[in-house]
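Notes to accompany the following structure.
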Amino acid sequence: MRTVSMAALVVIAAALAWTSSAELASAPAPGEGPCGKVVHHIMPCLKFVKGEEKEPSKSCCSGTKKLSEEVKTTEQKREACKCIVAATKGISGIKNELVAEVPKKCGITTTLPPITADFDCSKIESTIFRGYY
């Protein structure tokens, strides 16, 4: 069984939340609402996970790493997960195989479970996400 860094899951899954520049423009600024910081860090990953760029941008990787440093406790991870799940409902166009590539391409050691809009955030435990691989 593989284990998953929830911080990396949070970062990558949050990138799924926005599918157009109009949606990005309406995303909360850092500090606005519970998802503002998550959104701020992962917005640069959108083009890569949609297949519009061949590699994640430097800002995608730096945001991913920064968020993984900030989301530490089980409760923080669960709250970030809830934000992501709410934001991803009804979103299409995300390529899950590219989502799984972001940690590797950004130098973050992790694997990712399937990411869906009905993901059960209560499964998140401490520093490890278990049971999906």
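Every residue, even glycine, has its Cβ placed from backbone N, Cα and C.
What Swiss-Prot lists as disulfide bond is Cys35-Cys83 (among others). For Cys83 (disulfide bond), the number of other Cβ atoms no farther than 10 Å from its own Cβ, over all displayed protein chains, is 23.
In the three-state DSSP classification, Cys45 (disulfide bond) falls within a helix. What Swiss-Prot lists as disulfide bond is Cys45-Cys60 (among others), and the listing cites similarity to another entry.
Neighbour count (other Cβ atoms within 10 Å of the Cβ, all protein chains): 24 for Cys106 (disulfide bond). Sequence annotations record features per position, and here Swiss-Prot assigns disulfide bond to Cys61-Cys106 (among others) based on similarity to another entry.
Cys121 (disulfide bond) counts 16 other C-beta atoms within 10 Å of its own C-beta, drawing on all protein chains shown. In the three-state DSSP scheme, Cys121 (disulfide bond) falls into the helix class. Residues annotated as disulfide bond in Swiss-Prot: Cys81-Cys121 (among others).
The feature signal peptide is assigned by Swiss-Prot to 1-31.
Cα spacing between Cys81 (disulfide bond) and Cys106 (disulfide bond): 21 Å, rounded to the nearest whole number. Cα proximity to Cys45 (disulfide bond) (within 10 Å) is found for none of the disulfide-bonded residues Cys35, Cys83, Cys121.
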